[in-house]
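Please read the structure below before turning to the comments.
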Amino acid sequence: MLKYILKRLGVAIPTMLILIVFSFVLMRLAPGGPFSSERPLPPQVLANVNAKFGLDQPWHIQLWEYMVGILTRFDFGPSFAYTDRSVNDIIAQGFPVTFTYGTWSFILAVLVGCTLGIAAAVRHNSWLDYFAVGTSIGAQVLPNFVMAPILVIVFTLWLGWLPGGGWRGGQWPYVIMPVIALGTSYMASIARITRSSMLEVLGSNFIRTARAKGMPPIRIIVRHALKPALMPLLSYLGPAFVGMVTGSVVIDVYFSTGGIGQLFTNSAFNRDYSVIMGITILLGALTITFNLLVDILYAWIDPRIRY
Amino acid sequence: MVLRPIRVQAAADPVDVDDANYEVGTRSRSLWADAARRFFRHAPSVVSLVALLLVGLFAFTGHFFAAWTNAQVDWSVLGQVRLKGMPSFETGHYFGTDDLGRDLYARTVQGSQVSLTVGLVGAGIAVVVGTLYGAIAGYFGGRVDSIMMRLVDILLSIPYMFVLILLLVVFGRSMTMLFVGIGLISWLDMSRIVRGQTLSLKEKEFVEAARAGGAGHLTIILRHIIPNLLGIVVVYATLLVPQMILTESFISFLGLGVQEPLTSWGALISQGAGTVMYGTLWQLLFPLFFFIVTLFSFYFVGDGLRDALDPRDR
């Protein structure tokens, strides 16, 4: 087990370093420095600004400082567009919003998806089954950026039940649509995965034995079938998490929730490189850590995994 | 499994084989002819294929029928798009106009071109690079394999969407950069799949025979391994096209994709979605229709191909 964890860390850590170096090199390759604008600054001012941000140092020292800053102090440096704010301030402002509705989406997707998948498998070839299969195909071609406008048309424009955007400190009418728009496609994928693995488990010998000895169907599902059926789901949680983190960018932009995705796109338009890099690296680190945790959890729970 | 009849050579055994009868009863069928037959028997796949051809036709010949170009502004509707920019044949705006008074039909045609091209090029890169990379890693095995696949693992765990946006921001938003960015990531999964298949293929007798016959490594990979991988590569490539289109649309939706006056489905959906509040629904629905039809069709064609090429179903 320890060997497996070390091996996985052996991939995760270089990935992280590559991501940092890659973003940094990209920023250095960018045509024009962060302070070159249409109105050229006086040379002395430019030199002062460059000195303030450490841009007059040789680039390997800059890279080293940047990496040390991130890894030891969790400091992503100053923002280039907003001189009075650091990247950390900006992230701290947007992250809680994204985290709130991201978590709700995740919970919703897993709970509803599992329930739908299990129900579809237990009632195989019933209308419920067809409904589950139908929605999971539909959700494949309805990504979050299509889902979001459709929700707004229905619930804001036609029914007038929910506000079409904004956040207002996370009051529930403002949270509902982001959560649904972000979670639907993952809910459908989870339902599909759960359904097929549940079908496989229900067809296996130990379930037949349990049924033969007269165990009530509910007990069979809860006590025997559930655990092995949910195993494949665990390995999907990694990609699902990644997808949600990425998808939140669209949700933030479309619903103007002020989350991290909106900050990301705003910085992309402002060419605020340090913020883009900071968010890329932060989300990259989250992704890598989450995948690592899921992998380890999977190996720990499933004794059939060899490591 | 179909038991392929062994073709008896008439010259070798002319006595008891009635050659003419034999030909009529059991024409030998190739894998591909067999797959095609099964594919065309499956109605959803055929319908999807036709739909895809129509979308393709629309994208690449649609501009011949347009009354306006995609960058031209119809000044008469500007400012009153909601009232005068409706889809109509009289004004020549078959799909209406967008918020700036540009003809939505011409823009949808143009956006379809961009989206389809991105999808096909992305999948094309994946096929070429991924197949070669995976086949080489799987064929040589050992240390070469573990180094090559470790690299793929590392690249796969990078949140590529953000890196892609970073690339587009730093080097400017252009088609070329989009292709480079998508090309960087699209081949990773393909190489994994191909490697897995190659691992089992290289143990087969025909590879051994080729080696015994003196074929070099490159020849074996190109002439013996890769042709046997084509089935799975085709299926996966078909499923990869919609993923590439989705990726591009995602980036365009954020306004970080191709630059005006060029557009794509994602950008059109984004603009349409931004104005639904003003009651100009057609601006969302027309691009969305083509987008959804295309994605659906690619998934169905991919599924159909997978079923058709699956040797277990024969």
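Going from the start of the chain as shown, residues are counted 1 onward.
Glycine is no exception: its Cβ is also placed from the backbone N, Cα and C atoms.
Per TrEMBL, the feature transmembrane segment maps to A:9-30 (among others).
Taken from TrEMBL, the feature domain 'ABC transmembrane type-1' covers A:95-294.
Within the same chain, residues 128-129, 131-133, 135, 175, 178-180, 182-184, 186-196, 198-199, 202, 217, 221, 226, 229-230, 233, 237, 240-241, 244 sit at least 6 positions outside the transmembrane segment (A:104-122) and bring their C-beta atoms closer than 8 Å to a C-beta of that stretch. The feature transmembrane segment is assigned by TrEMBL to A:104-122 (among others).
Annotation comment: TrEMBL describes A:142-160 (among others) as transmembrane segment.
Taken from TrEMBL, the feature transmembrane segment covers A:172-191 (among others). Within its own chain, the transmembrane segment (A:172-191) has Cβ neighbours under 8 Å at 100-102, 104-106, 108-110, 112-114, 116-117, 120, 132, 135-136, 138-140, 142-144, 147-148, 151-152, 155, 162-163, 165-166, 233, 236, 240, 243-244, 247-248, 251, 254-255, 257, counting only residues six or more beyond its boundaries.
Beyond the transmembrane segment (A:233-255), the same-chain residues lying 6 or more positions past its ends with a Cβ under 8 Å from any Cβ of the stretch are 94, 97-98, 101-102, 105-106, 109-110, 114, 143-145, 148-149, 152, 164-167, 174, 177-178, 181-183, 185-186, 189-190, 193-194, 197, 261-265, 283, 286-287, 290-291, 294-295, 297-298, 301-302. Taken from TrEMBL, the feature transmembrane segment applies to A:233-255 (among others).
Residues 1, 4-5, 8-9, 12, 15-16, 19-20, 23-24, 27, 70, 76-77, 79-81, 87-88, 90-91, 231, 234-235, 237-238, 241-242, 245, 260, 263-264, 267-268, 307 of the same chain, all 6+ positions outside the transmembrane segment (A:275-301), place their C-beta atoms under 8 angstroms from a C-beta of that stretch. Here TrEMBL flags A:275-301 (among others) as transmembrane segment.
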